[in-house]
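Asks: I have a structure I would like to understand better, so I am pasting it below and will then ask my questions one at a time.
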């Protein structure tokens with residue numbers, strides 16, 4: 001017996017929504033058609049929603065082990081499926097860092113126990129993410145990591161980054177970088193080095209702290225041949241560097257977060273609400289425009305949430321002391337659909353690709369496809385019903401979002417992972 005998703009629509013090659021039913025059996029899509037034989041199968045009414053491949057997020061912070069007061073693998077995985085994400089890659093800035101086979105195994109086991117989204121851990125580039133000694137890349141790869149990164153901090157040593165890229169290239173592992181030159185940072189800086197920081201008399205985080213590392217690493221990637229991926233790109237100069245790198249034939253990809261696409265520093269309220277504090281910071285209107293242009297022309301390969309939960313107590317410490325980061329798994333698709341697709345900035349087809357097939361292709365994942373024979377990772381979206389973002393309804397432990405109160409369409413109503421229903425609100 002299988003499951004038929006009926007009364008739904010899928011995007012065709014022209015980007016048009018067309019009626020389609022999908023049969024799921026033994027974790028795979030086994031049939032697709034406008035009308036399927038229901039005999040012997042359970043039938044789920046999708047109420048006219050859009051059926052897509054499950055969303056993929058290449059950048060989340062699940063906080064476990066070590067920071068379970070912020071989030072756990074279970075609560076993060078629940079948040080993922082509630083937001084339509086079926087595969088998430090979790091960053092290594094935990095305690096201990098994900099720098100050993102034992103920690104990788106721990107995370108994979110915890111994710112399996114949770115039985116929600118598929119969680120794939122990153123491995124740290126350097127031991128304890130201190131930038132001094134490379135981890136056991138081969139051992140981490142065999143244990144099942146997604147890629148290698150020291151996200152949370154940038155690899156400051158050019159020599160260390162080159163050595164990491166050389167070794168990763170030999171093993172066929174991607175190097176994923178949080179690009180931030182600490183020599184250009186002023187202690188306590190929390191906002192972009194722009195008009196808002198100046199208005200409040202605060203030190204700012206300059207765009208060049210990001211773009212200098214992007215440029216450095218693209219040159220190293222060209223020399224070593226590694227797949228190099230830039231995290232949460234935020235500055236127009238970084239977009240230009242990635243575009244130039246692609247044109248030169250460098251194997252470089254990058255991601256952008258929803259908040260950098262939808263907000264700029266001038267949107268930050270005068271009370272400096274710390275739910276608007278993230279790293280990279282919200283940058284200028286010009287930077288935001290460059291990010292959207294980068295999505296349109298293919299410079300930016302995917303959208304990733306950079307889901308970063310913190311407690312309310314931590315976020316109450318004021319703009320200078322509160323930790324960087326906001327949550328994003330449960331609001332990403334509705335926000336992007338409402339504010340980019342419905343406004344005409346992106347097509348629906350393009351948005352879905354940026355959240356499914358594009359990250360799958362970049363990181364060579366067998367997911368993100370809506371076709372017979374593909375894994376039955378599926379999401380159904382209600383593109384018509386309006387709902388208000390209410391952090392009290394989040395499955396995540398974190399409620400740190402600047403988007404509370406925003407009214408959106410495009411809410412997930414059903415999520416399947418490997419053919420198993422893990423979220424249902426139909």
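Yeah, the Cβs are placed from backbone N, Cα and C, and that goes for glycine too.
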Asks: To which of 200, 227, 232 does Swiss-Prot also attribute binding of Zn(2+) 2 at the site defined by 151, 178?
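Replies: Candidate listed by Swiss-Prot for the same site: 232.
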Asks: The Zn(2+) 1 site in Swiss-Prot lists 59, 61, 151. Which one of 297, 301, 306 belongs there according to the record?
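Replies: According to Swiss-Prot, the candidate sharing the Zn(2+) 1 site with 59, 61, 151 is 306.
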Asks: How many neighbouring Cβ atoms, not counting its own, are there within 10 Å of the Cβ of residue 178 (Zn(2+) 2 binding site)?
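Replies: Step by step: centre on the Cβ of residue 178 (Zn(2+) 2 binding site), count other Cβ atoms within 10 Å, giving 23.
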Asks: Should any of the binding-site residues 63, 93, 178, 324, 325 have a Cα within 10 Å of the Cα of residue 306 (Zn(2+) 1 binding site), which are they?
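Replies: So the list is 325.
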Asks: Judged by the number of other CB atoms within 10 angstroms, which among 59, 63, 232 is the least packed of the binding-site residues?
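Replies: Minimum Cβ neighbour count within 10 Å, taken over the binding-site residues 59, 63, 232, occurs at 232.
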Asks: In sequence order, what residues of the same chain, 6+ apart, have a Cβ less than 8 Å from the Cβ of residue 325 (substrate binding site)?
Replies: 61, 277, 278, 279, 306, 308, 309, 310, 400
